[in-house]
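Chemist: Dropping the structure in here first, questions after.
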């Protein structure tokens, strides 16, 4: 006699479980997670991304028969639900998603316990109502279930469909956000495009890779690096050593700034009139016109990383995302331990971007003023976040109340791709290159220059200018090689590979209290900032592992390596396997005498720096001048301006 049709078969129970977990995931996307979903494509991706892993995991249990199949599907569904809800609770408290590295930090686990009790919402039953119903059926209504096995020959079809759905999801995601998995900008981006379950798998794979690399490392590897970097160390310049002891340090990041803008006019108007003044040598600032960015795929995050650690970023991906839980001996922590500085970062975007909320803890940064500390009303936002003028104004107000001496890093945003600006903020006409990116870049750079001038004026009014080291720099290029045709129109010259390397100058301006300004033509890069600042405040650098050299030192190394292995010196540049003269950018027919030595040094620098990151070698370093940072003691709470926008 056949069983009644109303009974629930194993495959039907599987589909029901997949469907209800997916519904709960959608619910979390729109109610609990702030993912910044925009447009039709991103909403379609959001609809698609939970299915693949849920179905793949639960389909394994279709191989079982009878009661076992139902119970295994139920348990698998419960574990996925638990993972989802754990992320919901964690996100409510930390505005981020759970990772294996955060779970391994005792401080985070303890905070999580408090977060659960503090973060319950009245609607949380939604996450478990299906679990309760299924459990009741399995215990009390077993007669509703059809225990006949699901045909095993169809299980691989279900699995293959799940895998195909994942790759379709990934294709859509890569179309909307290229290099999603290689650059890993932000956990929110990964969850938005892949879903929380695939994100957990991705994080697990990366954690295993990192742990394997660390497991192979030893103190011997550290010794090799220390011996190498000690040979590179340069003696400080007595004229500058200790000149800024216990002075505030204000580090200003000019987003996507390139120095071809200095003294550049468009339609008869200066693009950067304020920076032009600072570059003249007649102001309080020393200008380094031959200062280059040294970033890789991590762009802005690489710039921050390099300048605070004197290490190179990774050859692929971002060190912030992939090596964020390493041990470091960073500039903020050294300043704190040696001279009692408090440190902070100020940024008009949310704290999870580039994994900053985790990385900064390992750098020993005390406070993080993210978007929740600023007025993020629509009038104040453009492109990726807060406009530079309101950002600088609010930041100066915060700085005027800070304990001194402080180390404060301000990260601007308006001069960021795609370089769009509200009409009321545009005060210079665009050029007419026919390329909206290049044309817009002129307007946003002009706005940035105005905002910077207003900020410096504010510092003077608040009594912070005279007693502060002020450092201004561009983080990376803004205009890529894809826009060479438009750049040729703008600059009136051909953009060759050699010329494009010249355009990687991003500028460095430094004001040291009590010192007159000028123009310093040394060739330098972001790697050199940390040793320079340590010497300026009078901290001996001999026991710190750094790859850069003091820019004021008479022994300063004028070879500037790039992350891809290219490099530039005072006389020539090595680009894509070819050597060009700096005078005219023409190919050299003979190798310079010091070329092989310099090339070998660049390769060794990159190799050694990579070994520090991949092996997490600082964990082995018993530095008499440094106490290891405990990331668990740092917590970056949201500011008074409220929660993140949905």
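Backbone N, Cα and C define each Cβ position, glycine as well.
Source: prediction; values computed, not measured.
Sequence annotations record features per position, and here Swiss-Prot assigns topological domain 'Cytoplasmic' to 1-7, 65-68, 141-153. For 8-28, 44-64, 69-89, 120-140, 154-174, the entry in Swiss-Prot reads transmembrane segment. Annotated topological domain 'Extracellular' per Swiss-Prot: 29-43, 90-119, 175-646, in sequence order. Summarising the annotation, Swiss-Prot assigns Mn(2+) binding site to 255, 300, 475, 476. The active site annotation in Swiss-Prot covers 300, and the record cites similarity to another entry as its basis. Per Swiss-Prot, the feature substrate binding site maps to 416; the stated evidence is similarity to another entry.
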Chemist: Relative to the Cβ of residue 416 (substrate binding site), which residues of the same chain, six or more apart in sequence, are found under 8 Å away?
Modeler: 255, 256, 383, 384, 444, 478
Chemist: Using Cβ-Cβ distances, find the residues under 8 Å from residue 476 (Mn(2+) binding site) that belong to the same chain and are at least 6 apart in sequence, listing them in sequence order.
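Modeler: Residue 476 (Mn(2+) binding site) has long-range Cβ partners 256, 293, 295, 299, 300, 302, 303, 506.
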Chemist: Please classify the secondary structure at residue 300 (Mn(2+) binding site) using three-state DSSP.
Modeler: helix
Chemist: So what sits near residue 475 (Mn(2+) binding site) in its own chain, CB-to-CB under 8 Å and at least six residues off in sequence?
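Modeler: Looking at Cβ-Cβ distances below 8 Å from residue 475 (Mn(2+) binding site), excluding near sequence neighbours, one finds 253, 254, 255, 256, 257, 293, 295, 299, 300, 303, 304, 506.
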Chemist: For the topological domain 'Cytoplasmic' (65-68), give me same-chain residues lying six or more residues beyond its boundaries with a C-beta closer than 8 angstroms to one of its C-beta atoms, as numbers and ranges.
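Modeler: Result: 10, 142, 145, 147-150.
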Chemist: Counting only residues 6+ away from its ends, which parts of the chain sit with a Cβ under 8 Å from the transmembrane segment (69-89)?
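Modeler: Sequence-remote neighbours of the transmembrane segment (69-89) are 10, 13-14, 17, 20-21, 24-25, 28, 32-33, 54, 57-58, 60-62, 97-98, 112, 115-116, 119, 124, 127-128, 130-131, 134-135, 138, 145, 147, 149-150, 196-197, 200.
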Chemist: In the same chain, outside 255, 300, 475, 476, whose C-beta lies within 8 angstroms of the Cβ mean position for the Mn(2+) site?
Modeler: 253, 254, 256, 257, 293, 295, 299, 303, 416, 474
Chemist: What is the Cβ neighbour count of residue 255 (Mn(2+) binding site) at a 10 Å cut-off, with all protein chains included?
Modeler: 24
Chemist: What are the helix, strand and coil residue counts for the topological domain 'Extracellular' (29-43) according to DSSP?
Modeler: 8 helix, 0 strand, 7 coil
Chemist: Neighbour count, 10 Å Cβ-Cβ cut-off, for residue 300 (Mn(2+) binding site): what number do you get?
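Modeler: Cβ-Cβ neighbours of residue 300 (Mn(2+) binding site) within 10 Å number 22.
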Chemist: Near the topological domain 'Cytoplasmic' (141-153), which residues from the same chain, at least 6 beyond its ends, have a CB less than 8 A from one of its CBs?
Modeler: 3, 6-11, 13-14, 62-67, 69-70
Chemist: Using DSSP, break the topological domain 'Cytoplasmic' (141-153) down into helix, strand and coil residues and give each count.
Modeler: 5 helix, 1 strand, 7 coil
